[in-house]
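Enquirer: Take a look at this one; I'll ask things after.
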Amino acid sequence: APDAAPASLYAPSALVLTIGHGGAAATATPERAVTLTCAPTSSGTHPAASAACAELRGVGGDFAALKARDDVWCNKLYDPVVVTAQGVWQGQRVSYERTFGNSCERDAVGGSLFAF
C-alpha cells in the first residue's frame, strides 16, 4: 500500500485560550474562552486572530517569552487573572498557564493575544 500523504503542508497550530479570575487555573472559573488557529491562515473565534498569531510567531510560539510592554503602567491592586493556552503550536503540544496580578498586567503582556 502506498504511504499516506500528509493531510496538510503546514504543521497544525490550533489553540484554546481561556481567561478567568483567580490565582490558578485549577481553582479559577473560566470566564471567556476562544479558539485560535494560526496555520495555514489565522482564524478561530478570537476577535483579533491575525494579530494574536503574529504575536505568537514573534516569540516562536513560546508563551513564556511574551514580555510586558514598556509603555504601559499598571496599578498594583491585586485582583489575579489567570490565562491558559492548550492545544498545538506548529505540531508541538502546548499547555500554558500564567497568573497576572490584575487585568492591566495581563493586557500589557499579551497585547492582542489575551484581549478577548
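Cβ coordinates are placed from backbone N, Cα and C, and glycine is handled just like the others.
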Enquirer: For the disulfide involving Cys74, grab the partner from Cys38, Cys104 as Swiss-Prot records it.
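Expert: Of the candidates Cys38, Cys104, the one Swiss-Prot pairs with Cys74 is Cys104.
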Enquirer: Across all protein chains in the structure, which of the disulfide-bonded residues Cys38, Cys74, Cys104 has the highest Cβ count within 10 Å?
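Expert: Ranked by Cβ atoms within 10 Å, first place goes to Cys38.
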Enquirer: What are the sequence-distant neighbours of Cys53 (disulfide bond), meaning same chain, six or more residues apart, C-beta distance under 8 angstroms?
Expert: Ser13, Leu36, Cys38, Ser42
